[in-house]
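Below is one structure; the comments refer to it alone.
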Amino acid sequence: MTILPKKKPNSSVGVSDHPDDPDRRTGSDPHQHQHQHSHGVRPGARPRASPPPWSYQAAPPASREDRRTESSSRPQQASPPPVGAGSSGGPGDATGMACVSGNRAELSGGVGCGGGMGGCCSGPGLSKRRRQATCSGGVAGGGTGPGAAGGGGGGGGGGGVGGPSPEQEEGAGYNSEDEYENASRLQSEDPATVEQQEHWFEKALQEKKGFVIKKMKEDGACLFRAVADQVYGDQDMHEVVRKHCMDYLMKNADYFSNYVTEDFTTYINRKRKNNCHGNHIEMQAMAEMYNRPVEVYQSGTEPINTFHGIHQNNDEPIRVSYHRNIHYNSVVNPNKATIGVGLGLPAFKPGFADQSLMKNAIKTSEESWIEQQMLEDKKRATDWEATNEAIEEQVARESYLQWLRDQEKQARQPRKASATCSSATAAASSGLEEWNARSPRQRSSAPSPEIPDPAHSDTAAKPPSPAGALALSKPPSPCAPGPSNQACVGPDRPTSSSLVSLYPALGYRAIMQEMSPTAFGLTDWEDDEILASVLAVSQQEYLDSMKKNAMHREPSPDSS
């Protein structure tokens, strides 16, 4: 904290500016403490109209009683004593000190506190220490004690008459007690005790209210830093807050100048310095400027003072904490965002940006997770498809190999069966005589173009062997299943050479007939197709047998 040099107090209290009116007195020593917030700011909205000008005439007893009643209802605010019968109102009388009463809108003039009554200061700017020190040094027995520091208040003895001092007029107009060098010397408490109280204060505020005290830099701008942290979220914006506050005070100088004892322009110019402290006047101005209540906490969980704006609303208040009667910190509610409230931003919702960022982050995370899961599913599906394809290929290969083995096995089985059947037929037909009757098949096929040339016409006219008839009339032989049993039936008395010559053809036909038509892409054979194939085989066998018989029956030329 920057301590300004102490100026000598001014003892201009009690000097009448109007000699013709003995009841007019100056009420010039409010000595408003910068950080003591026990003054009675009237809560709620107030009209923008400026208050009436300062009246130097002493109020009647009835009005003072009303003010005392109103002031006594507010905490930590003393009321000025009523005007006594023995008090003198002349311009030369020595008054104890100026008594400030009421809230911001009510300031009373100084009253002489003689007749053995001690002078007492009250008002929004005076701290307990100052009031106690002033009241303890009050007048007794018609004399007056020392006045309030910095505001003026002459000390007189004997008859109690004190005149204005040029040395005391220089320091008139300071409103804050901590602007004096003796402010630091007023701290009589033990530092360890103060530290313990501060720790208890922070702990109680956090446990009961959930608030957190945010430390501000101690450079004389702590109040503006705390408000900047509440409004802008950055304590380094204190210069902007100070500038706006001073501009607001200048625009409403007709109202706020009633609470400043010094020249208002000088006061504003001094407060524009970055190392100059702020007090209750600046708090009220900022409450109206941001239209947010300002709550001040000190060693307790309930605010000791609340400054209200002009219009009532439901916005979160600006919370500051007051420490050691000299420093302000910011009180933050971590569960509710208040940054930006009061700046006049349209459709502004505190914390909406953080919520939007959180939603966007969650959405992006979900999309990334979904894409990752889809990629994993595709990988698993690709592996599954490749595995299925490999399995299908392996099954097809094994099935094809098994089919080839089955075909080879089936191709070997009909050859053995046909050879056995042919040997049995040759043994059975060796004892039969040749049958010269012509078969019906031969009759029907006589005019066929397949008859041999005219040289063998006589051979064709002979009755053929009834092989075709036997092939059609006899039931299938069990030696060869299916339509191949006709291949086992030959002429009644064929020679062994003819049977042997038929073995390859019969074996091939048997293999073809044993195979399923589905192997060739065909359906099951019908009866007509089976009958046609049997007739063709029978005809071919008959023709072959006729040729062989004709060759054996031709007599040799030398035998005749």
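Yeah, the Cβs are placed from backbone N, Cα and C, and that goes for glycine too.
Residues 322-327 are the range that Swiss-Prot records as region 'His-loop', among 322-327, 346-351, 550-555. Check Swiss-Prot against the ranges 216-222, 384-390, 391-397 and you find region 'Cys-loop' recorded for 216-222.
The region 'Variable-loop' annotation in Swiss-Prot falls on one of the ranges 128-138, 271-281, namely 271-281. Ranking the active-site residues D219, C222, H327 by how many Cβ atoms sit within 10 Å of each one's Cβ puts C222 at the top. Taking CA atoms as the reference points, H327 (active site) and C222 (active site, nucleophile) are 6 Å apart.
Sequence-distant contacts of the region 'Cys-loop' (216-222) (same chain, six or more residues past either end, CB-CB distance under 8 Å): 1-2, 229, 235, 238-239, 242, 274-278, 327-330. Under DSSP, the residues of the region 'Variable-loop' (271-281) split into helix, strand and coil as follows: 3 helix, 0 strand, 8 coil.
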